[in-house]
Amino acid sequence: MPRHQLVVIGAGPGGYVAAIKAAQLGLDVACVEKEQALGGTCLRVGCIPSKALLEASEKIHAAQHNQIIGAKIGQVELDLAALMAHKDKVVKANTGGVEYLFKKNKVTRYLGHGTILTPNKVRVEGPEGVQELETERILIATGSKPAPLKGVELDYEIVGTSDQAIAYPHVPEHLVVIGGGVIGLELGSVWNRLGAKVTVLEYLPHILGGMDGEVARAAEKIFRKQGLEIRTGVRVTAAYAKDGKGVVEYEGGEPLVADRVLLATGRIPNTDGLGLENVGLSTDERGRIPVNAHYQTAVPSIFAIGDVIAGPMLAHKAEEEGYAAVEYMVTGYGHVDYNSIPNVVYTHPEIASVGKSEEELKAAGVPYKKGSFPFSANGRARAMNDTDGFAKILAHAETDRILGVHIIGPRAGDLIAEAAVAMAFHASAEDLARASHAHPTLAEVLKEAALATWDKPLHI
Ligand code: FAD
Ligand code: NAD
């Protein structure tokens, strides 16, 4: 029977990073993954393919609407097959990259479904049969899957999830998205840009629940201007395929009939067939595996990280946990700073945040001051003709320590990295304001917002 010091189940961003780091720290490590391609939800059907579609569809839309400054463009035709081929190529480059890294770091890969049999044994059932692995430790990194919604019958063609919406064979005439969260808005934006009529049905009074309210409201306005039909306060009760169309029923209105329906109302941890019952492990009320501060479950030799445990379902959060979990195993110490994990929505404009929202600070009774600065007053944003949005910094009213940063605007997802580093180092608004920012860059918006928080902005 093959023996390893660590068996990781799942090769998503949590699992593959943990496996590589464990190998770098000298462990004999194996990774069990049921899909042929490594990289998990993120690389195969999540972050990477959706961003390939977002990046390309933005350019196609700009060209089709004659929005390239200084150029007169004739008729521009969408080549959906070429766009999908680009997306598939990007996915392959990334999943192949993980395969290369596994080989380079001598991580043994097992193809098949992993089931925990005992605290030190994992069964792998794959195309090459069944085998059992003996191991000192097990790390569960099995990620998440789309959450079902009562009344919604998925046929995975007309009524489907993001797995289908990254690969529709034609541009749907009408796409109904159930859920105005991250997936709904990112993939809704893609198909809206490519010519579909997109209707987003959101149960809450605003889209992007949980995000800073001022930013979410600004986003809603901009997305509506872009042509997304956003209906809030709408509770979907049923969806199904009928006569080649998707029917969506909701409280208080006539059913909608569309070509495609995307269910995007959240994801749930994936513990299907994992064998938790074989070792006496149970999940919490939301299906997550409970762990201690070292990512150790109630069974001392079994650990868990990523989407399958509590916390935001983000690739970089899973990566940080994978890294820290194996550090704890090998060196006894590790660290994840949960206060400085950024959150990005890759629409246009992008929306990014780190730390607390105004609503959270108010609810916690924390005294705060805020400063904001619009992209419309930034030279670089003007040069790019991309001036929608603003950056807002929230700092403690007495100490000036930065408590939250919220940006809606061009390249917000890249700009937020500076704010995350500042927060990780417990910076004050003054620290950020006094740091020199190259001119002319979009990052100057953050410097000005910091000046506005600590003292006064210069350029407005
Ligand atoms: P996963 O990536 O889900 O990987 C788990 C792996 O385990 C899978 O490969 C699965 O096949 C395997 N597995 C499960 N059970 C078993 C078993 N029993 N045996 C063997 N293998 C098993 N996050 C971001 O930060 N940025 C984004 O831009 C972003 N975009 C997204 C877009 C979409 C459409 C979706 C759906 C998600 C997106 N996410 C994004 C979320 C991100 O994909 C997840 O947070 C991340 O993938 C979680 O990583 P993980 O390693 O915990 O699990
Ligand atoms: P989400 O939690 O972001 O949004 C789901 C939305 O559906 C919520 O606004 C909710 O109020 C709404 N909803 C729930 N029930 C409803 C009903 N019956 N009718 C109408 N609306 C309803 O979930 P998601 O968009 O599915 O994304 C899942 C996860 O994937 C997220 O946790 C996110 O972290 C991750 N993700 C991240 C990124 C990124 O980082 N850019 C991109 C995609 C996905």
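Placed from the backbone N, Cα and C atoms, the Cβ positions cover glycine too.
Among the candidates GLY112, GLY114, GLY266, the residue that TrEMBL annotates alongside GLY179, GLY180, GLY181, VAL182, ILE183, GLY184, LEU185, GLU186, GLU202 as binding NAD(+) is GLY266. With LYS51, GLY114, THR142, GLY143, SER144, MET313, LEU314, ALA315, HIS316 listed by TrEMBL as binding FAD, the candidate from ASP155, ASP307 annotated for that site turns out to be ASP307. With all protein chains in the displayed structure included, the most crowded Cβ environment within 10 Å among the recorded positions CYS47, ILE183 is that of ILE183. Of all the binding-site residues listed here (THR142, GLY181, LEU185, ALA315), ALA315 has the Cα closest to the Cα of CYS42 (disulfide bond). Helix, strand and coil counts under DSSP for the domain 'Pyridine nucleotide-disulphide oxidoreductase dimerisation' (341-450) come to 41 helix, 33 strand, 36 coil. In terms of local Cβ density within 10 Å, THR142 ranks first among the binding-site residues THR142, SER144.
With a CB cut-off of under 6 A applied against ligand 1, the recorded positions THR142, GLY179, GLY181, LEU185, GLU202, HIS439 are reduced to THR142. Proximity to ligand 2 (Cβ under 6 Å from any of its atoms) holds for these recorded positions out of CYS42, THR142, SER144, GLY179, ALA315: GLY179. Neighbour counts were taken as the number of other C-beta atoms within 10 angstroms of each residue's C-beta; across the recorded positions LYS51, HIS439, the minimum falls on HIS439. Within 8 Å of the centroid of the Cβ atoms of GLY179, GLY180, GLY181, VAL182, ILE183, GLY184, LEU185, GLU186, GLU202, GLY266, where the record puts NAD(+), the same chain has further Cβ atoms from VAL177, GLY188, VAL200, ILE207, LEU208, ALA264, THR265.
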